[in-house]
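Mind having a look at this structure? Questions to follow.
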There are 4 protein chains.
Amino acid sequence: MKKPIKIATIGGGSSYTPELVEGFIKRYDELPIQELWLVDIEEGKEKLEIVGNLAKRMFKKANLPVEVHLTFDRRKALKDADFVTTQFRVGLLDARAKDERIPLKYGVLGQETNGPGGLFKGLRTIPIILEIVSEMQELCPNAWLVNFTNPAGMVTEAVFRHSDFRRVVGLCNVPIGMEMGIAKLLDVEHSRVRIDFAGLNHMVYGLDIYVDGESVKDKVIELMTNPNNTNFVKNIEGQEWEPAFIRSLNALPCPYHNFYYKRPETLKKTMESAEKEGTRAEVVQRLEKELFELYKNENLNIKPPQLQERGGAYYSDAAVRLITSIYNDRGDIQPVNTMNNGAIASIANDSAVEVSCIITKDGPKPIAVGDIPIAARGLVQQIKSFERIASEAAVEGSYDKAVLALTINPLVSSDKAAKQIVDEMLEAHKDYLPKFFNR
Amino acid sequence: MKKPIKIATIGGGSSYTPELVEGFIKRYDELPIQELWLVDIEEGKEKLEIVGNLAKRMFKKANLPVEVHLTFDRRKALKDADFVTTQFRVGLLDARAKDERIPLKYGVLGQETNGPGGLFKGLRTIPIILEIVSEMQELCPNAWLVNFTNPAGMVTEAVFRHSDFRRVVGLCNVPIGMEMGIAKLLDVEHSRVRIDFAGLNHMVYGLDIYVDGESVKDKVIELMTNPNNTNFVKNIEGQEWEPAFIRSLNALPCPYHNFYYKRPETLKKTMESAEKEGTRAEVVQRLEKELFELYKNENLNIKPPQLQERGGAYYSDAAVRLITSIYNDRGDIQPVNTMNNGAIASIANDSAVEVSCIITKDGPKPIAVGDIPIAARGLVQQIKSFERIASEAAVEGSYDKAVLALTINPLVSSDKAAKQIVDEMLEAHKDYLPKFFNR
Amino acid sequence: MKKPIKIATIGGGSSYTPELVEGFIKRYDELPIQELWLVDIEEGKEKLEIVGNLAKRMFKKANLPVEVHLTFDRRKALKDADFVTTQFRVGLLDARAKDERIPLKYGVLGQETNGPGGLFKGLRTIPIILEIVSEMQELCPNAWLVNFTNPAGMVTEAVFRHSDFRRVVGLCNVPIGMEMGIAKLLDVEHSRVRIDFAGLNHMVYGLDIYVDGESVKDKVIELMTNPNNTNFVKNIEGQEWEPAFIRSLNALPCPYHNFYYKRPETLKKTMESAEKEGTRAEVVQRLEKELFELYKNENLNIKPPQLQERGGAYYSDAAVRLITSIYNDRGDIQPVNTMNNGAIASIANDSAVEVSCIITKDGPKPIAVGDIPIAARGLVQQIKSFERIASEAAVEGSYDKAVLALTINPLVSSDKAAKQIVDEMLEAHKDYLPKFFNR
Amino acid sequence: MKKPIKIATIGGGSSYTPELVEGFIKRYDELPIQELWLVDIEEGKEKLEIVGNLAKRMFKKANLPVEVHLTFDRRKALKDADFVTTQFRVGLLDARAKDERIPLKYGVLGQETNGPGGLFKGLRTIPIILEIVSEMQELCPNAWLVNFTNPAGMVTEAVFRHSDFRRVVGLCNVPIGMEMGIAKLLDVEHSRVRIDFAGLNHMVYGLDIYVDGESVKDKVIELMTNPNNTNFVKNIEGQEWEPAFIRSLNALPCPYHNFYYKRPETLKKTMESAEKEGTRAEVVQRLEKELFELYKNENLNIKPPQLQERGGAYYSDAAVRLITSIYNDRGDIQPVNTMNNGAIASIANDSAVEVSCIITKDGPKPIAVGDIPIAARGLVQQIKSFERIASEAAVEGSYDKAVLALTINPLVSSDKAAKQIVDEMLEAHKDYLPKFFNR
């Protein structure tokens, strides 16, 4: 008989948790979890309780015998866990707001994953992740770490480079969102769409696109470049590319590519909306407040529909789908962040990549794509270099490497701006960067 | 007995030619050339004669039996040549002025080698180079093509990718200038300095720096980052880097790296000087006018010192040094553009790189460096991708690839700006882009 | 509605055909074929008719509306086919008998795939395969070529190197046999066993072994090296390895590895049995005679059980399973010969490898394994070099390359023996080697 | 002023030492050594004194102020040394005799570098080399280790894989011997010949051959395959290849390739001569006895000509040439064993290769050759795999890896013979294999 399933969720007090719980409920037949441990820090006690109680009500309403444990004791939660999910945010949304605001002062996009914001989120997050990994090696060495915490690519890279733990998968909702977009564009069921993904987290390309296994890439590109396709914009947001560019790229960019292939325009738009409605973090802060008000309602026992607007759609779907496939040795294809192992020729074999994988009980196995298009190689390598140097900066508490990482970042491209941003952001995030200050 | 040496110089009417002639005079003992053929197009007749006559007077003054031939017949010049040098400029400085001016309208640096200007210079130049290569395969298959024509990296890449001719070397004065700068900084003779170069044309790094074979890299970086080193700026121009950046990069950038590591500042400066004194092409146009006036003087029989200001210092030194080493199977170390062959791990083996080579009669053999620093890989790959796609655009006359090349260029990063620049520049250079218009 | 399925089988008069037909019958629900075209040469008319009539009786007995066409006109059979399978044997078993016998004279194993026998089988087969490929590009460019004809690795390599056709899959029954062996050893159902395969055809390794997704490699190696495991030998034949060797190799060899890891012993055994009962080809010739007698019986309407002894067990299973998965875009994992694309780091990206793949409508996509064990890399590269040079010899009709291929073959390791074997075998196979004689 | 040069020679009591001393005398002008420390073990006291006294007489006769120190204290010799050379032999020639004799019993060549003999020489030697390296890191971290001790490839690999010391160069007289052979064959001065070497120690290929910088490879191959070239055999011994083989290999093998491309013939010849005149070690033992008798003669003050017959011709030339070039930052081309760094594509970047290098004060820098011929890749990788696994066996004292190393060795190819040889040789060399017995 199989051992009962124990799941530990670090950052369990997050407003996302009801999504995750809904996912577990939907797939309970395939993934009969017995214990869900929601872990958070003491400062997050109130939220943890609100969310934890909602989770309990949700399982109860679904009539499922899942025990929900709330705790500040991470080690207890990790002990003998089967899967550990991470969705914590060091410094909360306040920190993200700074990640977004400060770079704008220097004429630079903040970008919370692959930009200056991502650098600082990484500097705050990576030391904690490496602590968790080290505890897992002691307390649940056979568990899988499913990391949602951004910058997911940099975090996965850091685990590969700075620990010998290999049971980690980085997860993102961007690829699943791209599949959904294509499904809508072509008006077919999501399950009929498959994309060959390859690249990095938030810098992933669809190398080919299939419906029922037949390539429809040419058709999609035709639709994307056809000026008469008026339905296009509302169907796949963030994919309004110059026809000449997209035809010759001959691959599907991800929405985050707007930062690199429409840098000046995106900067302008971001500055304007920061001015008008606040940065994304500030908007989300308001949304979260409302969500927690809803969660408190003791009659609420399902995921409230308002959570949708929070962003991160399909995250729980992606996460629970992944865990279910690992648990059941499913062998289906899912795009995740894992070790390259040669799947993409121009990325180092021992680096993290985001690529379509076969999901087995032994973890994800990447499908070899040969290489990404020549046109994409430089940018992808640039972000990979950024991730590697940023993760070294995080582990070593190196000021110089933080400046180097930002200088080579394509959103910055200025050693002077890099230095100024690092200086101001180090100060702003002082409390969460012990490697930089306690030495 | 060795066959007498014949050299053909395409674009022989250039104002540079007296430099080259001076180089040949200085090294005549090792490289006893018998015939120098200066080739140009009919429209350049006047310049060709002015320069050609000066060349004749220079050899005469030096008392050397070198025959100078002036011709519009390229095939005659190539017939049985030993070395072919190329220094022509399709569309002359007028075209360069457009390459520099037009992108500025769209807030983008022109940059005549690895930027939008370089793309259009490549589109104009590559078809001609491929014609020359094809004629060489017929008329002088054992000759070496020493290419000075910019964008030298893209041109060399194009020859490797779009012909089966392999006896081509791309040449640049940047590495020799970096050695000179270091020599001045350390106050030692140039001949005592050696740098391990690796990268691409106008994107080359000094991975290590030696004086008399002992590494002085740490010392150089210390000097570069020491605020008390007041002599620094005037000694190695274009190398004013943030200390944190240069320390962690741990390699010597080239002056062209200012375009990528100080992009916003360089853009601002370029816009201002274009406003005030004109673009570089416009400045050079004035200089050239003056030079040709000087060249006309029948009493002038040496290279006039004013040529120095023209830019391109050490070009002739680099070129004649290279030719002499090939001719004499010298086996010395020189930085040139050649096929990678594994010298730099993260660049494709069959791409052109700029790297320290052993120069033999069999051509340059690259020294394997392992790889360039992680921090440099993305940017270098980005320019390599740009070069490859640009050279495909040139050969195929592909509008879409021209837009793609510019979109991925780190000076542009906008599909919209890329399209606008391509549209305006195609129109501006119409006469020199038959592949794009005569199809 | 889907187009009806047409399958063309080149070498349709083979004694294997009833296997294949049985496979089609078993999977008819998933793969409703409408036309099966059995193609052979005029010399094989009698066999083709015997086998073809049996095939018709088999489909009839199964009550399936499959049309069986017998033809000598390959082009007609290929026209609009969906799948083409190849199982022909140039020179029939007589040629194989020579492939096996002649090398033994020189103290060398014949080995009909990766040895001298394989070289000559390749020289006879590759030109025909390239003809078929070229006809497919004209007559059924979207069809998949499923090649059973040995040497399957060399043939697949030849298609990749000497044509631009990419819709080819090389198929072998060795991996499926290894799975069956492991299933028996562990006494579990075949469907619960999965092996991570990587290597080349007839030189494939099991890098890891799973039951229900859990690794059992350590357990399998323990069983293989445990002297008390008396059931071992009869369960996984050809896997009697020295414990120290198999423990440190830490991977599962395939039965063909006996040729390389037990070369002297295998040579001795082969010589003895060639003496006593004849070579394998000679034994099979006797079996085939008996089989065709059975096939003639008009009352026979199923695959006769005696076919099992013919060898090639599971071939039809492997083939029909593959075709069914392609047709239905199944996305399941199967080991096949396909383009490497980085799946195995130490093999060239554009070479054929035998590796676990995801099977989709777009063909097999290899799973990246990183690399094969260090201990295996040399031997695998040696056979790959052999395959590449042999396929060049086949295409060019090059005597020198044939000698080179054999000299570097690990079963030969003698330039003198290589020359002698090539000389005698060229003469023996004269009629089937027009590239070598008609020039 | 430059620091005076101190050289430490480990195994200084070797009969080779007078060669080395002669080399130092010849190049004293460029390499003015002040101290030569000859180190040996106490058991070698007598030989050390004989050789040491001869060395003193030789320097005196040459009128050079070189101090010769004899010591058993390795640390004292290493302290502040500039160059350390190693030429020791653990177990002396007795051990080598066993390395050669025992494998022959099992029908396998002994081969003291890349065969079973080499495995055991490596198992005895590598732990000592790693000790020396560790002492050097403490006592003379800037010194260069010039290793002559065989198996030089495996030893260099072991230093790269099992220490972080990088100032090591492996040296061999095979490449210089190949140049000499070609010079004789073509009747030109040695200094006019240059070969592009690439491969591994005792498995190196000449990819191209030049006289005065012009390729003469085709001519050399023509001479090697011309039956009328009667002078050939006596000119380049060990290079009698089948014309078809050598033409299609299109590279110059080294004499050790006879073991792999003429394996059966070489085995037969070795067995016969072991029978008749004893193995090579046994012959050399007799020669050495005579040499030491000569060395004792107090009137002898030059290298006695009889040393030539000892084998290892040009060793001292190669060694002193290398040391001189490092010391003087010469920048000339020499073939040595160094880290690959991409020079040969199909070998791992961090493995040792034997390849033409530029010799600088910063050590050897390999010239990138792209790749070795396809035909050579498998064999070279096989020996590299052997070297890597053998060096792991040496460091770990692993019986299993020793058996694995031999099984995959192309001279063995039998797990059973591998086990038998390892068993007998472990026993025979017991006293020199503490890692295997004291655990």
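Cβ atoms here come from the backbone N, Cα and C positions, even for glycine.
Just lifted these from TrEMBL, have a look:
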BINDING   A:Arg96, A:Asn150  substrate binding site
SITE      A:Glu112  site 'Increases basicity of active site Tyr'
BINDING   A:Cys172, A:His202  Mn(2+) binding site
DOMAIN    A:197-412  domain 'Glycosyl hydrolase family 4 C-terminal'
Through the lens of DSSP with three states only, how would you label A:Glu112 (site 'Increases basicity of active site Tyr')?
coil
In whole Å, note down how far the CA of A:His202 (Mn(2+) binding site) lies from the CA of A:Arg96 (substrate binding site).
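Approximately 17 Å lies between the Cα of A:Arg96 (substrate binding site) and that of A:His202 (Mn(2+) binding site).
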Compute the C-alpha separation of A:Cys172 (Mn(2+) binding site) from A:Glu112 (site 'Increases basicity of active site Tyr'), stating it in Å without decimals.
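Taking the Cα atoms only, A:Cys172 (Mn(2+) binding site) lies 14 Å from A:Glu112 (site 'Increases basicity of active site Tyr').
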From the Cα of A:Asn150 (substrate binding site) across to the Cα of A:Glu112 (site 'Increases basicity of active site Tyr'), what is the distance in angstrom?
8
Roughly how many Å lie between the Cα atoms of A:Asn150 (substrate binding site) and A:His202 (Mn(2+) binding site), rounded to a whole value?
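That separation, Cα to Cα, works out to 10 Å.
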With H, G and I counted as helix, E and B as strand and the rest as coil, say where DSSP puts A:Arg96 (substrate binding site).
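The residue in question, A:Arg96 (substrate binding site), is helix (DSSP, three-state).
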Restricting to the same chain and to sequence separations of six or more, state which residues have a Cβ under 8 Å from that of A:His202 (Mn(2+) binding site).
A:Thr113, A:Asn114, A:Pro151, A:Ala152, A:Gly153, A:Cys172, A:Val174, A:Cys254, A:Tyr256
Among all protein chains shown, how many Cβ atoms are found within 10 Å of the Cβ of A:Glu112 (site 'Increases basicity of active site Tyr'), not counting that one?
22
What average pLDDT is reported by the model for the domain 'Glycosyl hydrolase family 4 C-terminal' (A:197-412)?
92
Is it possible to get the count of other C-beta atoms within 10 angstroms of the C-beta of A:Cys172 (Mn(2+) binding site)?
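Other Cβ atoms found within 10 Å: 26.
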How many other Cβ atoms sit within 10 Å of the Cβ of A:Arg96 (substrate binding site)?
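Excluding its own Cβ, the number within 10 Å is 24.
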Take the Cβ of A:Asn150 (substrate binding site) and count every other Cβ within 10 Å, whichever protein chain it belongs to.
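Other Cβ atoms found within 10 Å: 24.
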